[in-house]
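What TrEMBL says about this protein:
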- 1-360: domain 'FMN hydroxy acid dehydrogenase' (DOMAIN)
- Y25, R165, H255: glyoxylate binding site (BINDING)
- 78-80, S107, Q128, Y130, T156, K231, S253, R258, 286-290, 309-310: FMN binding site (BINDING)
- H255: active site, proton acceptor (ACT_SITE)
Amino acid sequence: MGEITNVSEYEAIAKQKLPKMVFDYYASGAEDQWTLAENRNAFSKILFRPRILIDVSNIDMTTTVLGFKISMPIMIAPTAMQKMAHPEGEYATARAASSAGTIMTLSSWATSSVEEVASTGPGIRFFQLYVYKDRHVVAQLVRRAERAGFKAIALTVDTPRLGRREADIKNRFTLPPFLTLKNFEGLDLGKMDEANDSGLASYVAGQIDRSLSWKDVKWLQTITKLPILVKGVLTAEDARLAVQSGAAGIIVSNHGARQLDYVPSTIMALEEVVKAAQGRIPVFLDGGVRRGTDVFKALALGASGIFIGRPVVFSLAAEGEAGIRKVLQMLREEFELTMALSGCRSLKEITRNHIVTEWDAPRPVPRL
């Protein structure tokens, strides 16, 4: 095929290159995969109200996240086991994020350790945390992330049990034998057993704490000074509780549609969460972002930034570090163009009035 011109094109290349078990693990969603499709489709229910004849010769996309200055509101979400996609795995992702001037979130289930990722050089990095039944393991991991210079913890709260991903059951998914979950290697938790369904589902059932509750969000703050982002909030009720529990931010996420099917798309849940947070803490979004227009729509609905997941692993599989750089560059350029054509010169100029959604009340026609 010719030159890659958009983010979505990497999926087909990844599918050609990767073993079926690996591609299916990255690509699939839970059960009927209704939410998986909806995460994308819902963006088309939002249209632009562009403002014209505004001087857009200078566009500033910079922003700050938890006090850290980044080049654009487009960041990298945690995705597990990246060395299944490419031998350089998380190293490549870390370098691409750093060169783009943005934040990478490292998965607990990475195939490279926090120390290894830190060794790639400077960069602002967050650490995604799964809470294991053994809290000593958790405390140790958080301390290691802190020591390695990670700047925040993204606490995944939507996975007391693993969602039912039927491709993984059919493929009897397990981590390839030459790889380990590097952060847990020394703790005898780095390997995944073969199972007669999904090896990952069995691993989660054995290791991840189903009793996780809001009191644990408080506990986490007693063992670390790092800010905590609560990842996996979809309702106003939980947004309020996140604020009350001392979270530094919220990530509106349905885990890439891999947990509970028939939850709304994240872009549909976003406004409810933003309103409930009342500006007290920033709200971010992941799920289904493939275009610069998607980024703009999320910001217009009140998000402070977005995270991309699958585009990272698909582009990594296709072209390694260069692929991820290209994805970040394409999204950046598309987002800049969307801002210009909408009449916005900085992120603070992006408002709710720049979009109209299917659920908006009809606007009164201004009297002449």
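Every residue gets a Cβ built from N, Cα and C, even glycine.
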Open item on the list: I need the nearest neighbour of G288 (FMN binding site) among the binding-site residues Y25, R165, H255, using C-alpha distances.
Closed with: H255
- [ ] Sort the binding-site residues Y25, R165, H255 by C-alpha distance from P78 (FMN binding site) and give me just the closest.
- [x] H255
TODO: Work through the binding-site residues one by one (Y25, R165, H255) and name whichever has its CA nearest to the CA of T156 (FMN binding site).
DONE: H255
Task: S107 (FMN binding site) versus binding-site residues Y25, R165, H255 - nearest by Cα - done: H255
- [ ] Taking the Cβ of H255 (glyoxylate binding site) as the centre, count every other Cβ atom within 10 Å, in any protein chain shown.
- [x] 24
- [ ] Take the C-alpha atoms of R165 (glyoxylate binding site) and R258 (FMN binding site) and report the distance between them in angstrom, rounded.
- [x] 7
- [ ] Starting from the Cβ centroid of Y25, R165, H255, which together make up the recorded glyoxylate site, report each further residue of the same chain whose Cβ lies within 8 Å of that point, ordered by sequence.
- [x] S28, G29, A30, L162, G163, D168, L200, G256, R258
Task: Inter-residue Cα distance where the pair is R258 (FMN binding site) and Y25 (glyoxylate binding site), in Å - done: 10
